[in-house]
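Residues annotated as domain 'Aspartate/ornithine carbamoyltransferase carbamoyl-P binding' in TrEMBL: 3-148. The carbamoyl phosphate binding site feature in TrEMBL is assigned to SER57, THR58, ARG59, THR60, GLN84, ARG108, HIS135, PRO136, CYS137, GLN138, CYS271, LEU272, ARG299. Look at TrEMBL and you will find 155-310 tagged as domain 'Aspartate/ornithine carbamoyltransferase Asp/Orn-binding'. The L-ornithine binding site annotation in TrEMBL covers ASN167, ASP231, SER235, MET236.
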Amino acid sequence: MIRHLTRDDDLTPGEQAEVLALAAELKRTRHTDAAPTPLRAANGVPRAVAVLFDKPSTRTRVSFSVGVAELGGYPLVIDAGSSQLGRGEPVEDTTRVLDRQVSAIVWRTFGQDRLETMAATSRVPVVNALTDDFHPCQILADLQTVIERRGSLAGRSLTYLGDGANNMAHSYLLGGATAGMHVRIGSPEGYQPAPDVLKRAAEIAAETGGSVQWTADAAAAADGADVLVTDTWVSMGQEDEYDARVAPFLPYALDQAAVDRAADDVVVLHCLPAYRGKEIAADVIDGPRSAVWDEAENRLHAQKALLVWLLERSG
Ligand code: CP
Ligand code: NVA
């Protein structure tokens, strides 16, 4: 069976823990003789991993490119504007061409359905590098960062303030519940998480001992939180809605008042890019509780671990 990561709940709690443990090990052994090179073929030739972008990216592009190279492989980075996929070639056809030549496909695109079509077609692992609905690679890096700062995940509370309907909110719900965390989403009415995602996250939480909750009360959401996170109020593809979107989110900014309501040792995260003075205050993202640069670095380690794990299980 070929394993994919199309959304956070493609990994069971035990599998998520395995990937996170491997991520820590790969970080520790980076640049040493112990670092694995599963993407190097027996004859020394690098195997390729396709990394496709239908939307802009800095962190995902860099971390997958560097990560594939560090695993002994060759990252084949393709932007929509320079591929036939971007001109409307069917997803299935592109997938059939790629999976005969590459060892895995990483794709950032718009519709989750497109990504799932690719996964259903592909004979190599497919990884979601962000869709409109989910960003599971980011959540693995975020969970790795929380483990580094706090030692464990289960039972800790994670509060997300901002657009509760976007990819990051959805992935925190599924990925956080999988880790046994208490995930609270604080967002305005009209920007709530998708009901099916909230329901699925609640089912997972019931198994792991975590919980999930949505509230429009930003202050209550932040109370006592072990982890405070936010994301842009205007996701990629929503640029035309900029003016309409800012006002409703102003009470949900991750500012010093929110930090003061959280636990004394709260860990502040942001997937980046950040908009200081909008969803996060400059003195918070650049302040002592912020772990955002470790979080950004951990994209590399978490994704290397994910690729190693998926390739091992897709034999
Ligand atoms: N956080 C994140 O995915 O960043 P990029 O859009 O720069 O890849
Ligand atoms: N929600 C943001 C995440 C960026 C990494 C977006 O989709 O643009």
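Even glycines carry a Cβ here, placed using N, Cα and C.
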Given the binding-site residues SER235, MET236, ARG299, return the subset with CB under 6 A from an atom of ligand 2, ordered by sequence, or none if empty.
SER235, MET236
Candidate with sparsest Cβ neighbourhood (10 Å radius) among CYS137, MET236, CYS271, the listed binding-site residues:
MET236
Considering only the binding-site residues SER57, HIS135, CYS137, CYS271, which residue has the minimal Cα-Cα separation from MET236 (L-ornithine binding site)?
SER57
For the binding-site residues GLN84, MET236, CYS271, ARG299, which sit with their CB under 6 angstroms from an atom of ligand 1?
CYS271
Alpha-carbon distance [ASP231 (L-ornithine binding site); HIS135 (carbamoyl phosphate binding site)] in Å:
12
Span of SER57, THR58, ARG59, THR60, GLN84, ARG108, HIS135, PRO136, CYS137, GLN138, CYS271, LEU272, ARG299 around carbamoyl phosphate - largest C-alpha separation, Å:
30
Using only the Cα atoms of ASN167, ASP231, SER235, MET236, which the record gives as binding L-ornithine, return the largest interatomic distance in Å, rounded to a whole number.
12
Measuring CA to CA, name the entry from the binding-site residues ASN167, ASP231, SER235 that ends up nearest SER57 (carbamoyl phosphate binding site).
SER235
ARG299 (carbamoyl phosphate binding site) versus ASN167 (L-ornithine binding site) - Cα distance in angstrom:
16
Nonlocal neighbours by CB distance (under 8 Å) for GLN84 (carbamoyl phosphate binding site), same chain, sequence gap 6 or more:
THR94
